[in-house]
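What Swiss-Prot records for 1-21 is compositional bias 'Polar residues'. What Swiss-Prot records for 1-38 is topological domain 'Cytoplasmic'. According to Swiss-Prot, the region 'Disordered' annotation covers 1-37. Residues annotated as compositional bias 'Basic and acidic residues' in Swiss-Prot: 22-35. Residues or ranges marked as transmembrane segment by Swiss-Prot: 39-59, 72-92, 125-145, 229-249, 258-278, 307-327, 341-361, 401-421, 441-461, 474-494, 516-536, 552-572. Marked as N-linked glycosylation site by Swiss-Prot on the basis of sequence analysis: 181, 190, 198.
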């Protein structure tokens, strides 16, 4: 595919221009013109990628997803999906960001009519940011109350019927008391219904009732609205956004330094919790329960779909952070090594988090004298703010300390993720308006993020969170990831893309990457997306269906996100007419003059490199039909021959 309106210049000797000029300590400098700052060093980039990819999804989402989809058997489809979809997408986004030194919208100079993919991903990122900050608020709330002499969720309030104290020393007595209260509540006239014979009566732990009644003040019906924001959670939300702003206000200069702590500290706490968890009674049963494979689930297409969703959620691909982080690299940074480290570490952390969490849940089941651990397992926010606190309150030694460590770890994990997501939006805006100050854009977007987050700290906030995550996050991200891959690999061309990688990394692209990008990754994603849409069911929260208005609102959110792709494509074609409509359409599928390395001298060398590659291929083209056939196969697979 040819480049339009770009004059070819003589090649530089090193092929990388001033991008390779570094000081003796390996510090990375901005490109000429000061248009883009670089990371202080390569380790800051690696730590930043770890902090966003190793996040809340590893600690509470992966364990439950694995448990629900075959236990240990889930690891097989997850690892297969990781190698065929996760790693290829992650590496592709790192490459495209570093090669162009642009954010997730500006990179689409590679295929201008696909500009809407970048804006659609930005919309999905805003949706994720809006509810992610509310999870930070909940985490911060629990962190603050953990400093009390008695953990507030460990005991029942007088007004809570059918409540069981979470404190182990109170369990036996409160269990009997709760049973008596439940039985007495079933008295109807002179008739008494036995508790044992009534399945509708369910005992609840004090940690569950504390979360539902005290923290979020849950509404089970939002037909009359979601209610007003809770002032305590609003304050926690404000603190979360202040911390986020302070981390990102100076761009990679500040976030790069914070990344060391954001990436390393959670591992320290996770290993401390693991050491404590495996020594608890019942921990082994919990770990076995987590890892024990259910082989029959491997034939369930839903398991493979969940593996893909978990992979995307965990690695943060197709949302913009990976492209954004890589865009601040030197042009010749060793990106392959970092991609392999992060994707491998992400998987190992998920396993570590799963073992730790289910060891704690095994102890919880042991203390509650429950044979089936399924009865103490919850998903999503329930797992983080009900099951974990309930288990921690049963620790015999200083439960407050472990509670503080655990929720501070969750807060740090969340900050690492939201810093990356928020920086993505700020970078997109600053790339569009280069005269705008980075810190001012960061401040305004942080204020907007806080205002958007207020809806999630209302009594009906968990309903909205479920809705936005499902329609505005998961499905929008997934479908745009397919278009992202198609635009780069199928429209721009895998051969062109592999040439760009060879120029930047100074080595050929392996067959594994070429086959994944050209065939396995897009085909698997398309099949899984079609299956997901064909089997989609009405959305529920806490086993309750959303009202019709909620479903309509969700589909509107989905439509807004996905409509960015065709709408921006139409806009670009209409503003860049080149002949008739068909000629304009074809022209807008080709890279424009902005595509290529950001450094002018590097770009000159790249253009000559591409011309030489084209000349070599032309000279090797065979005249026979068989030769032409294999030449087409090579082009499709990105072969440089």
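Backbone N, Cα and C define each Cβ position, glycine as well.
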**Request:** Would you kindly list the residues that approach the transmembrane segment (229-249) from elsewhere in its chain, counting only those six or more residues past its ends and only Cβ-Cβ distances under 8 Å?
**Result:** 133-134, 136-138, 140-141, 144, 215-217, 255, 258, 411, 414-415, 418-419, 422-423, 426, 438-439, 442-443, 446-447, 449-450, 453-455, 457-459
**Request:** Count the Cβ pairs between the transmembrane segment (125-145) and the transmembrane segment (516-536) that lie under 8 angstroms and are 6 or more residues apart in sequence, then report whether there are at least 3.
**Result:** no
**Fill in**
Beyond a gap of at least 6 residues from its ends, the CB atoms lying under 8 Å from the transmembrane segment (258-278) belong to 43-44, 47-48, 50-51, 54, 59, 247, 284, 287, 349, 352-353, 355-356, 359-360, 363, 395, 402, 405-406, 408-409, 412-413, 415-416, 419
**Request:** Using a Cβ distance cut-off of under 8 Å, indicate which of 307-327, 401-421, 474-494, 552-572 has the most pairs with the transmembrane segment (516-536).
**Result:** 474-494
**Request:** Considering only the recorded stretches 39-59, 341-361, 401-421, 441-461, 474-494, state which has the highest number of Cβ pairs under 8 Å to the transmembrane segment (72-92).
**Result:** 341-361
**Request:** Averaged across the topological domain 'Cytoplasmic' (1-38), what pLDDT does the model get? Just tell me the whole number, please.
**Result:** 44
**Whether the transmembrane segment (341-361) meets the transmembrane segment (39-59): three or more C-beta pairs under 8 angstroms** = yes
**Item:** Cβ contacts the transmembrane segment (307-327)/the transmembrane segment (474-494), at least three under 8 Å, sequence gap 6 or more
**Value:** yes
**Message:** For the transmembrane segment (474-494), give me same-chain residues lying six or more residues beyond its boundaries with a C-beta closer than 8 angstroms to one of its C-beta atoms, as numbers and ranges.
**Reply:** 1, 89, 92, 96, 108, 110-111, 114, 117, 120-121, 123-124, 127, 308-309, 312-313, 317-319, 514, 517-518, 521-522, 525-526, 529, 532, 557-558, 561-562, 565, 589, 591, 635-638
